[in-house]
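Here's the structure we're looking at; comments come further down.
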Amino acid sequence: MACLRCWVEYETAKTIVIRNKVVGSVFRLIQFLIILYVIGYVCVVQKSYQVNDSVISTVTTKVKGTGFTNISGLGAHVWDVADYNIPPEVTSYTFTFKSFSNNSYCDCTEGSSDVRGNGIQTGLCVNYSETVKTCEVLSWCPLEIDTDLPENPLLAGAENFTVLIKNTVTYPKFNFHKRNILPDVNSSYLKQCEFNRITDPHCPIFRLKDMVAEAEEDFQTMATRGGVLGILIDWSCDLDFPEHYCGPKYSFRRMDNKNPENNVAPGYNFRFAKYYKTTDDVETRTLIKAYGIRFDVIVFGTAGKFNIVPTIVNVGAALTFLSLVSPK
C-alpha cells in the first residue's frame, strides 16, 4: 500500500512571499547580474553561440628596390635585390693550420674535425715554425677575419625598398578562403599603391622604413648590427557578418633581444657564398657575412560562426543559473 501511495502522490514546493525591500532588491540584483553575465560576457565577449576554427595560411613575398654606393676599393656600384655584395674572391681548398704542438710530434687523425676548427685534418703533422708543429687541415683559405662593424650600414638606401606580401588564408571548417589582395585590385593599382593605415590600408606593398618605424625602431641603427622584425597579420573574423568585414590587420614588432644588460651575440647575421672558377680552373668562392634585418611574417587568427548546438548549451546553462535564484 505504501508503494501505491507514493505512485499516486504529487508534491509541490511551498512558495513564501517576503515583503522586504532589502531582500527583494538583493534578489533582483542577483537576477540582473546573471542576465548581464549571460548576455554581456557569454554572448557578446566570448561569443559562445559560435563554433571556432583556426586559420591555415600561406605567404609569399617579393622585394623591390635599387641602391647606390661609392666605396673605396669597390668603386661606384648599383645594387638591386639580386646583387648587393662584392667582396674579393678567395682561393678554395688550400691549407690552413690548427692544433699547435711545442714538440716534434702532433696527434693528427685523417678525416677528423673540430667543431671550432676550420677544416678537415689530412693526417699530416707539418712544420708551422722552426719549433712548432701542427696538424694540416683541408680548408678554404684565407680564413674569415672579423672586423669592427661600420657605423652606418652599407646599403643605407635599403630603407626605401618595398616588399609585396601575398597572403592567402583558409578556414576549412567553414569553407572560407580569402587573400589580402582584394578581388577588385588590378596590376595598375599595385604598381602605384603603398600601405598607409589612413589613406591606403588595403595595399599589400610595404616600405621597409615604415615597418621598422611602426615597431618603434630606427632602420639605420637596426640594419648596422642586424635584427629580426616580425610582420604580424591577424585574420580574426566573425563570419556571421558579410565576407568583406573579414580582412587582415597588420602590426610590426621587433622579435630579437635588445636588452643592453643581457645582450650576448646581439643582432642578426648569416653567411653565404658565391662560387666561381678562375681561368686556370681553380674553384674559388666569395664568402659573405651579411648583417641586416630579417623580416618574419607571422599569420594568426580565429574565426567564429553561429551554430545551434553551443547556442542551446549556453541558453540551457543560463536558464539553470536563473532557476537557482528564482522562486519555484
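Cβ atoms here come from the backbone N, Cα and C positions, even for glycine.
Here TrEMBL flags 22-42 as transmembrane segment. The ATP binding site annotation in TrEMBL covers Lys62, Val63, Lys64, Thr162, Asn269, Phe270, Arg271, Lys289. The disulfide bond feature in TrEMBL is assigned to Cys106-Cys125, Cys108-Cys135, Cys193-Cys203, Cys237-Cys246. Per TrEMBL, N-linked glycosylation site is recorded for Asn160.
Here the features listed in TrEMBL are painted onto the structure.
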residue: Lys62; record: ATP binding site; DSSP class: strand
residue: Cys106; record: disulfide bond; DSSP class: coil
residue: Cys125; record: disulfide bond; DSSP class: strand
residue: Cys135; record: disulfide bond; DSSP class: strand
residue: Cys193; record: disulfide bond; DSSP class: coil
residue: Cys203; record: disulfide bond; DSSP class: coil
residue: Cys237; record: disulfide bond; DSSP class: strand
residue: Cys246; record: disulfide bond; DSSP class: coil
residue: Phe270; record: ATP binding site; DSSP class: strand
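Rounded to a whole number, the C-alpha distance linking Cys108 (disulfide bond) with Arg271 (ATP binding site) is 29 angstrom. Sequence-distant neighbours of Cys193 (disulfide bond) (same chain, 6+ apart, CB under 8 A from its CB) are Asp200, Cys203, Ile205.
Under the DSSP three-state reduction, the residue listed as 'N-linked glycosylation site' is assigned to helix.
In terms of C-alpha distance, the listed disulfide-bonded residues Cys106, Cys125, Cys135, Cys237, Cys246 place Cys246 closest to Lys62 (ATP binding site). Between the alpha carbons (Cα) of Lys289 (ATP binding site) and Cys125 (disulfide bond) lies a span of roughly 31 Å.
A distance of 32 Å separates the Cα atom of Cys106 (disulfide bond) from that of Arg271 (ATP binding site). Counting Cβ atoms from all protein chains shown, Cys246 (disulfide bond) has 18 others lying within 10 Å of its own Cβ. When the recorded positions Cys125, Cys135, Asn160, Cys237, Cys246 are ranked by how far their Cα is from the Cα of Asn269 (ATP binding site), Asn160 comes first.
Reported as a whole number, the C-alpha separation between Val63 (ATP binding site) and Asn160 (N-linked glycosylation site) equals 11 Å. Other Cβ atoms within 10 Å of the Cβ of Asn269 (ATP binding site), summed over all protein chains shown, number 13.
For Cys237 (disulfide bond) paired with Thr162 (ATP binding site), the C-alpha to C-alpha distance reads 28 Å. Annotation for Arg271 (ATP binding site): same-chain Cβ neighbours under 8 Å, separated by at least 6 residues, are Leu287, Ile288, Lys289, Ala290.
Residue annotation for ATP gives Lys62, Val63, Lys64, Thr162, Asn269, Phe270, Arg271, Lys289. The furthest Cα pair among them is separated by 24 Å. Per Cα geometry, Cys246 is the residue among the disulfide-bonded residues Cys125, Cys135, Cys246 nearest to Thr162 (ATP binding site).
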